[in-house]
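> The structure is given below, and queries will be raised subsequently.
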């Protein structure tokens, strides 16, 4: 009988591991950060504390090394009393370097060198651990709020048990978002950008959505899109997925993709599915007018 639910949280410094640990604590986990690896087995020697445990482990641990951590994962996986999950909070090297340069912090593996050298060294060190993760989350384009919301869908046992859906709009000129399961190209729809009265608005405005909906191709497209997604969601849930991410792209990420993402998100919510909506380019545009210190990353 499994008595302990244990989540090991690791990943490169600056990726958002501390944010993840704090989020798990808010969900009711008993959190222990930077515990030496050799002490971890002692946690399961006594009686269960009755709630799940989250352990934060990274290169700052006194006895940390990838081989020892993998051996610990193997040992805990084989223990019939333990339900183990490994969460790896990841981030691209370029974004990690940007975060270090922005905060002017020294990297723990390169205190006397550039952040880039420390980041590269740590990514190489953690590579064997990364492939053992049960959950991999890339925070390169996430805010702390985004990360907490994603973890809540994965680990909060008090949250809805149905598959959660996220829809997001984006601009193809700025690249396809990371971690999207399905992408739909909305550039075939007529573009409100060329209507002077609509150009400065975005797809959340009724006038923009009405203009896009007036395209003869919109109604059959949206009907088929909605039916396809509603057909797929139960199948994805049966396969054990907890989350499905849908991306909608157009040229500028302001009108067509935003409108379609909004309309589909509303349709899925009306059908009873938990839905979150994000509009990447609109967020970037809003962030550009804020002071630099408010642009916090995970």
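Using N, Cα and C of the backbone, Cβ positions are placed for all residues, glycine too.
Quantities reported herein were computed from a predicted structural model and do not represent experimental measurements.
Grabbed the feature section from Swiss-Prot, which reads as follows:
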| type | residues | note |
| --- | --- | --- |
| BINDING | 11, 12, 13, 14, 15, 16, 17, 18 | ATP binding site |
| BINDING | 58, 59, 60, 61 | GTP binding site |
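I'm curious about the neighbourhood of these features; can you describe it?
The Cβ of residue 18 (ATP binding site) lies under 8 Å from the Cβ of 33, 56, each of these being in the same chain and 6 or more residues away along the sequence. Mapped onto three states, the DSSP output places residue 18 (ATP binding site) in helix.
Cβ neighbour count for residue 58 (GTP binding site): 21 (other Cβ atoms within 10 Å of its Cβ, all protein chains included).
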> Looking at the binding-site residues 13, 16, 17, whose Cα is closest in space to that of residue 59 (GTP binding site)?
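So, spelling it out, the nearest of the binding-site residues is 13.
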> Return only the integer: C-alpha distance in Å from residue 16 (ATP binding site) to residue 58 (GTP binding site).
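Cα of residue 16 (ATP binding site) to Cα of residue 58 (GTP binding site) measures 12 Å after rounding.
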> Starting from the Cα of residue 60 (GTP binding site), work out which of the binding-site residues (11, 13, 14, 17) are within 10 Å.
13
